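Student: The structure follows.
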Amino acid sequence: MAASRNGFEAVEAEGSAGCRGSSGMEVVLPLDPAVPAPLCPHGPTLLFVKVTQGKEETRRFYACSACRDRKDCNFFQWEDEKLSGARLAAREAHNRRCQPPLSRTQCVERYLKFIELPLTQRKFCQTCQQLLLPDDWGQHSEHQVLGNVSITQLRRPSQLLYPLENKKTNAQYLFADRSCQFLVDLLSALGFRRVLCVGTPRLHELIKLTASGDKKSNIKSLLLDIDFRYSQFYMEDSFCHYNMFNHHFFDGKTALEVCRAFLQEDKGEGIIMVTDPPFGGLVEPLAITFKKLIAMWKEGQSQDDSHKELPIFWIFPYFFESRICQFFPSFQMLDYQVDYDNHALYKHGKTGRKQSPVRIFTNIPPNKIILPTEEGYRFCSPCQRYVSLENQHCELCNSCTSKDGRKWNHCFLCKKCVKPSWIHCSICNHCAVPDHSCEGPKHGCFICGELDHKRSTCPNIATSKRANKAVRKQKQRKSNKMKMETTKGQSMNHTSATRRKKRRERAHQYLGS
């Protein structure tokens, strides 16, 4: 499931290596991990801080992990804010109201009853996106209802369900059949027997469909996805309602144990995780979640296998490469362009933006992964990997350097290959688009300005945090002083008013006497 924000450019700007605007939002780890984060309808919230270049950090706050738009989840709480019992009770009630109308057990029971119905009685409400039992028909008589739902249709729920379209929260861009079939064939060729599908519903259903139609295929799949609608199509051992931004299982320990058992089956052998997160999501919380899944997998490993890594395919735009490799240094990016059915830009060929920017990041050696030559991929002997047709090997860089599928040009001044549309700017002293602003947003670290790292990994971050803490304390003292002066002024005003009142009373008594 891939999500876009307000257009391709916004996502590319956020993911570009080292490219930082005048401000940004970062996820921070709480000082005391033992203190649980407050809950919103999507599980534990994340702690954020706004960072502005040249200015200090502002007050930290908790917000929803899954929703980038306050209209979708308006949770907001300052880190140091104390809530009353009434507000906490109201929040808990709101969180309960926002949960799916049916429990996981109820969904399974309804599904088992549904598949036993004759074809003429199998109905699906397209308005409510729900499988209907005969007792439900009356409540949906005014809705748009699809009849004669076949078993084949039940096995392809991603084609029955309308894709969620909120771009900032959970927009669903589903793998095109070409890319999905390539992934299934590749997983089979690499010898994997189990696939943990994190946010990849179409891959999950194609794996199950292939297994049901091909006796030679023994690949099993478990889907973890935030879209609870899939719970009505799968048994408990095939689907878990899950938020990948905070590692939250909506159905609690039962679902967690399903995932754990799947990861640790056969002592963790023969499994791979394939994930397709929303592109608008922050890389850091995703990396933290994936490391928790890796740790769960490692629990089933013997001491001799402690050096092994869980094989992973992380499907994401190529301009997030530096961010992903920051958290997973063993990952490499493949040239394969992943397509999506319902996205006008993320498509293979020349119908999309500059062909699909979506790639596969993996810790599997690239020389083991064969890309389809009929789609224009070729093997580069010096690089020992498959590359796209126009990705030419650069002798100076000793690499096939293109990231976007076009032929890149080597810049002798920058000492690296750059996009064909870029030119070298003598003012900026690096290559950039021809119409760029030389006085535009600076690149690099917010703290020291260096280009080779982010603020979170800056060697000067401790000094910066001490300075920020001192500034916050100074601001707090100033705020407290202003409050005291205001209170003092109000007290003095009250005293003066009391004195005036007493003087008037004495004057009235004097005049009356």
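Every residue, even glycine, has its Cβ placed from backbone N, Cα and C.
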Student: Taking H410, H424 as the options, which does Swiss-Prot list with C394, C397, C417 at the Zn(2+) 4 site?
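Tutor: Candidate in the recorded Zn(2+) 4 site: H410.
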Student: Would you identify which residue of C400, C431 Swiss-Prot lists as part of the Zn(2+) 5 site it also attributes to C411, C414, H424?
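Tutor: According to Swiss-Prot, the candidate sharing the Zn(2+) 5 site with C411, C414, H424 is C431.
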Student: Taking Cα atoms as reference points, which of the binding-site residues H410, C417, C425 is nearest to H42 (Zn(2+) 1 binding site)?
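Tutor: So, spelling it out, the nearest of the binding-site residues is C417.
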Student: Could you tell me which of these binding-site residues, C40, C73, C417, has the fewest other Cβ atoms within 10 Å of its Cβ?
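Tutor: Across C40, C73, C417, these binding-site residues, the one with fewest Cβ atoms within 10 Å is C73.
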Student: For Zn(2+) 4, what surrounds C394, C397, H410, C417 with a Cβ no more than 8 Å from their Cβ centroid?
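Tutor: Nearby residues not in the site list: E395, L396, S399, T401, W408, N409, K416.
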Student: Compute the centroid of the Cβ atoms of C40, H42, C64, C73, then list the same-chain residues not in that set whose Cβ lies within 8 Å of it, in sequence order, for the Zn(2+) 1 site.
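Tutor: Other same-chain residues with Cβ inside the cutoff are P41, G43, T45, A63, S65, A66, C67, D72, F75.
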Student: Among the binding-site residues C64, C394, C425, C438, which residue has the largest number of other Cβ atoms within 10 Å of its own Cβ?
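Tutor: Buried the deepest by this measure is C64.
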Student: List the helix, strand and coil residue totals of the domain 'DHHC' (395-447) as derived from DSSP.
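Tutor: Within the domain 'DHHC' (395-447) the tally stands at 0 helix, 15 strand, 38 coil.
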